[in-house]
Amino acid sequence: MSYQTYSEVILSIPPLHFAYLGVVLCIVLSTFGAGWGIFTTGNSLVGAALRSPRIRSKNLISVIFCEATAIYGVIATFLLISKIKSLPDIDLVSGQPRNAWEAQIIKSSWILLCSGLTIGLSNLFSGISVGITGSSTALADAQKGELFSKMLIVEIFASALGLFGMIVGFYQLSLAEFPSK
């Protein structure tokens, strides 16, 4: 089968692949952001704790904020998967649908892709920003102890990026409706 345009290539892909791609992107990007943030915070925390051991337990809150972005991704992934209700009838020999794909299935699949991408990217950037502010918090707390509470407020705002992305992603998800068989 030869394709003449890119749109023919995209239209030949079963639409549920895009829905599952959104699910995968949601969990992968969220956990990658959390891991990156934990790595960034952990390096600075360990280094600063050598100079000032009192900051060890207090600054673990930064790691917990980073882990929260991964938890947001896991929750959103379960909601995305639960939204996919039915599989259309597919001819097992050719792999093509028996009937033309319904417009509702195509629309809902693309909505799930966009929702997963929105949640995943917001959690990725939230994890990175929480990691950077957590690193700064550990280093500032090692220098002056009274800076911890002020820096913690900045860290909370960085963590709110993930929540805002989840709200937008859940709104997008509410627009997807797969038809029942």
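Every residue gets a Cβ built from N, Cα and C, even glycine.
Lifted from TrEMBL, the feature list:
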- 20-39: transmembrane segment (TRANSMEM)
- 21-80: domain 'V-ATPase proteolipid subunit C-like' (DOMAIN)
- 60-81: transmembrane segment (TRANSMEM)
- 110-132: transmembrane segment (TRANSMEM)
- 114-171: domain 'V-ATPase proteolipid subunit C-like' (DOMAIN)
- 152-173: transmembrane segment (TRANSMEM)
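Comparing 20-39, 110-132, 152-173 for CB pairs under 8 angstroms to the transmembrane segment (60-81), the maximum falls on 20-39.
A mean pLDDT of 94 is what the model gives for the domain 'V-ATPase proteolipid subunit C-like' (114-171).
Counting residues of the domain 'V-ATPase proteolipid subunit C-like' (21-80) by DSSP class, helix then strand then coil, yields 55 helix, 0 strand, 5 coil. As a summary of secondary structure, the domain 'V-ATPase proteolipid subunit C-like' (114-171) carries 57 helix, 0 strand, 1 coil according to DSSP.
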